[in-house]
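Summarising the annotation, TrEMBL assigns active site to H268, D324.
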Amino acid sequence: MSQNDLLKQQEDLKYNMQDMIADTTSISWVDGANGRLFYRGINIAELAAHASFEESAWLLLTGKLPSKSRLDGFQWSLSNMSHSQEKVIRIIEEFPQHLSPLLVLQTGLASLACIDRSDDDFEEENQIEKAMRIIAQTPVILSAAYRHYLGVPLLEPRSDLTFVENFIYMLFGRIPTKKQSRCMEIALIIQMDHGFTPSTFTARAVASTMSNFYSATSAAVGALSGVLHGGASELSVEMLKKAKMSGNVIQYTRDLLNSGGKIMGMGHRVYKTIDPRAIILKDILSQLTSKDEKESDLKLLNQIEEEARKFFQEKMLPVYVNVDFWSGSVYKKLGIHPVLYPAIFAAARMVGWCAHILELRQNNKIYSPNSKYIGQINVPYVPIHQR
């Protein structure tokens, strides 16, 4: 290829694959212009108002809301598949104590692949079963990782609790109130899928090679572990802490923006208005906040949002809050340690990753994009004694 050919190739390049259509999907649609998110055609606001975690998961995996009998069967399967795997737990217990639960999850998924001897079975029924097993095992591995982090014994799931109730119970050793459970459930539902994010694309790319479910989801966890993808909720809480310490949240926000700083949890590549998930999480935080709290996260975040809104409106920039602006404070209200924030995200998004792998399996084509070469050509080889 000549230098002219290389230059011509550059004209069609879209860096970072931004705005490129890599594949088709019927799982979720992000309507950035109008601030809407749909799962299989259903607005997430409706799912957040009416659906359970299990209903939403079945919808994403199969494309249909379950009947009562199907839902009962799905719940039973998740419960039956959620008992800890002794070999995986032994591996976790050998790790250093203060590892990220997300890193442990990635290793745990890879370990499950070594235990599951049917990992090369690509029949549709077996693939759905494998997806259910991974979804069921995710909170088990994460809770084991967190309790190892704390240096306390592992807790087995209980058959009398729902998926979300068991997740909270295995993490903290307490049965949540109905309000806590429902708030956590909604937070998980609205983060199950969101188009072709880096982790979802990673899952699909790995799965497209006909690799197994465990490899694809483990790779997706690796992508999520990057701070630019899965770490924003924790950064938002850190920002709020600094704002509180300043003694004047409004002035802190002004100074930060005027100095070119960034408000964590504001702005989104797709949404040109408020992230619909942020609206739902703000309502959850409101439900969890006592009216007697004088300096609540809800009040302070509202002040930051309002001051930032004025700043961006003056500059005529369409910058609004996203899901991460509120999620960290919701987790905090639920008593969740910051080290778990990305892990909670992974537990939710695991459903979406599995749904995408199942979708890809229906008409699999390997993902193999081109790259633009920017190095030199026709460079002569120099013998080692002349270098």
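Glycine too: its Cβ is placed from the backbone N, Cα and C atoms.
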Report, as a single number, how many Cβ atoms besides its own are within 10 Å of the Cβ of D324 (active site).
25
Cβ-Cβ neighbours of H268 (active site) (radius 10 Å):
21
Measure from the CA atom of H268 (active site) to the CA atom of D324 (active site) and give the result in Å, rounded to a whole number.
10
